[in-house]
Amino acid sequence: MSFNGKDENAELQYTDGKVPFEEALNKAGFGLYSYLLVALTGFLIIAFACVGFSSMFLIPTSACELETTTAQQGLLAAGPIVGLLLGAAPWGYVADTRGRRMTLVVSLACAAVVNSVASISVNWIMLLILQFFATLLAAGQFSLSMTLLSESVPMAKRNQVVMVVTSIFILAQGLIAVIAIPIIPLPFAYELPALGIVWNSWRTLMLVATIPSIISACCLFFFCESPKYVFSKGREEEALDILRRIHRINNSFGKNKEELQVKGLQMELQQASDKPKSKKEQFAPLVRAPLLKYMIIMTLLFVFQQIGSLLVWFPTVANVFIESLETDSLMNRTVCDVLRANFESPPEPDPDAVPCSLNNTAMLIVLGVSAMQSILSNVINLFLNLVGRRNMVIIITSVCGVSGIIMNLVPNTIASGVLYVVLLMGLVVLGLYTAIAVALFPTDLRVLALGLSMSGARIGTIASVQILNYLLVNNCDAGFYIFATLFGSSAIVAAFLPDDRRLVQKPESDQKKTDEDATHL
């Protein structure tokens, strides 16, 4: 050990100008390029949400024209989720072998085309099939964009940017409501005899939902590939060129106009080959120690996180809830009491309203809940380094799970509704799960591992959307008890993760070891 407290080996690594990748990325800094990439990633997430989750508004609004039953609406809700499930692993494999940026461009363009075609569906089966393929093509966009971002910013900023973008994802579902509010109530209906359809508001909403994907695909051509991915494939000079460009743009408005002072990048011990690995070689490390344990934990966390299933039906529940408050003065009922009363004695439809149109107040509530989730996500971000990601997951899942259990034990309509909203706040753990997964898995396995883990949630969601659809009509209380208990159980599962705070504030010379330690947590 040298007199200045640094490892002598750490000093020797600088004699030839080569530094560990993480230190080179730190030298590139966090500036204009980083902010633009965060903004683009946020817009990418919005594009993904518009294609993947617009069905929550399309299902009730298309019911009159397509004459769908409750069971058929359940299938329409599950179709996109199946697409997200089946597409996650293939897109992860392609991204880990062919690169993040161009894989994203292809995914965005293809999903936009198929989703546009879905807007001319002649029946619910055609809509189901095309939405399935649209989400199949969009399945990797969330994990891909998160990985591209996290591999292009310094380690000190990684937690923050992931949480910020996740808050945008949470808000994106409310932004769909913002788009839907002026479009869905429009009364126009144009017959298209050649296609055998009537072009109306819900079809227009589908078409508008593809615009963010097209814009995002075009913008990606102005950004770089992940420098960490390029370096992991052994292309050192190309990675250096990317880092120099990032450094130059980051400092374009600053006083520091010098080029990045890095002559080379220190090779990692487990440097990936230039040639793409086979599927077996790519997948095998995830089913062996030490990564197998964390694959199981992360998959269970994603499976138990079924807040997404509740959100699929949230516009419908909010619509019923608001209609009940507007037409009924009883305030001593729970959320499930309100739903039961609506199913048993549906209110008379407004003759002046567009058939199957959603209540504007209900859609504003959807936006409000999404905004609250987004704000909570950013507030959590402020305390993340102090509390730690694992501990924050334990706190959130415990509080939200308990709220979901007791919401139907409180005989007050407003109080029960508030507890329901608290349960929905549990969606913010998605960003924490993503940040944990990014830290746990090495570069060449990161997208695949994250995609497979998230597939666990989607497998559960396929079943839970159908189960919840049935239980909301037949046994609402049991539905919330089951889903809230599962979510609360995530606190126990998360307790088996190590405390991530021990990785924070490592000495600069130990940055490379820190990244390696994260792999073997």
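Placement of Cβ uses the backbone N, Cα and C atoms for every residue, glycine included.
A TrEMBL annotation is a machine prediction, not a hand-curated record.
According to TrEMBL, the features are:
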type	residues	note
TRANSMEM	35-59	transmembrane segment
DOMAIN	35-502	domain 'Major facilitator superfamily (MFS) profile'
TRANSMEM	71-95	transmembrane segment
TRANSMEM	102-122	transmembrane segment
TRANSMEM	128-149	transmembrane segment
TRANSMEM	161-184	transmembrane segment
TRANSMEM	204-224	transmembrane segment
TRANSMEM	291-314	transmembrane segment
TRANSMEM	362-384	transmembrane segment
TRANSMEM	391-411	transmembrane segment
TRANSMEM	417-441	transmembrane segment
TRANSMEM	448-472	transmembrane segment
TRANSMEM	478-497	transmembrane segment
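By the count of Cβ pairs under 8 Å, the stretch nearest in packing to the transmembrane segment (362-384) among 35-59, 161-184, 204-224, 448-472 is 161-184.
Listed stretches 35-59, 391-411, 417-441, 448-472 were compared with the transmembrane segment (204-224); the greatest number of C-beta pairs under 8 angstroms is found for 35-59. Just going by CB pairs under 8 A, the stretch in 71-95, 391-411, 448-472 that sits most against the transmembrane segment (291-314) is 448-472. Among 35-59, 102-122, 128-149, 448-472, 128-149 has the largest number of CB pairs under 8 A with the transmembrane segment (71-95). Contacts between the transmembrane segment (102-122) and the transmembrane segment (161-184): absent, as fewer than 3 C-beta pairs lie under 8 angstroms at sequence separation of six or more. Under 8 Å from some Cβ of the transmembrane segment (448-472) lie the Cβ atoms of residues 70, 73-74, 77-78, 81-82, 84-85, 88-89, 91-93, 95-96, 139-140, 142-143, 146-147, 282-283, 286, 291, 295, 298-306, 308-310, 312-313, 317, 339, 433-434, 437-438, 440-441, 478-479, 482-483, all in the same chain and six or more residues away from its ends. Sequence-distant neighbours of the transmembrane segment (391-411) (same chain, 6+ residues past either end, Cβ-Cβ under 8 Å): 301, 304, 307, 332-336, 380, 383-384, 419-420, 422-423, 425-426, 428-429, 432-433, 436, 476-477, 480-481, 483-485, 487-491, 494-495, 499. Listed by sequence, the residues of this chain that lie at least six past the ends of the transmembrane segment (161-184) yet keep a Cβ under 8 A from its Cβ atoms are 34, 38, 41-42, 45-46, 48-50, 53-54, 56-57, 61, 142, 145-146, 149-150, 153, 201-202, 204-205, 208-209, 311, 315, 354, 357-358, 360, 363-364, 366-371, 373-375, 377-378, 380-381, 384, 427-428, 430-432, 434-435, 438.
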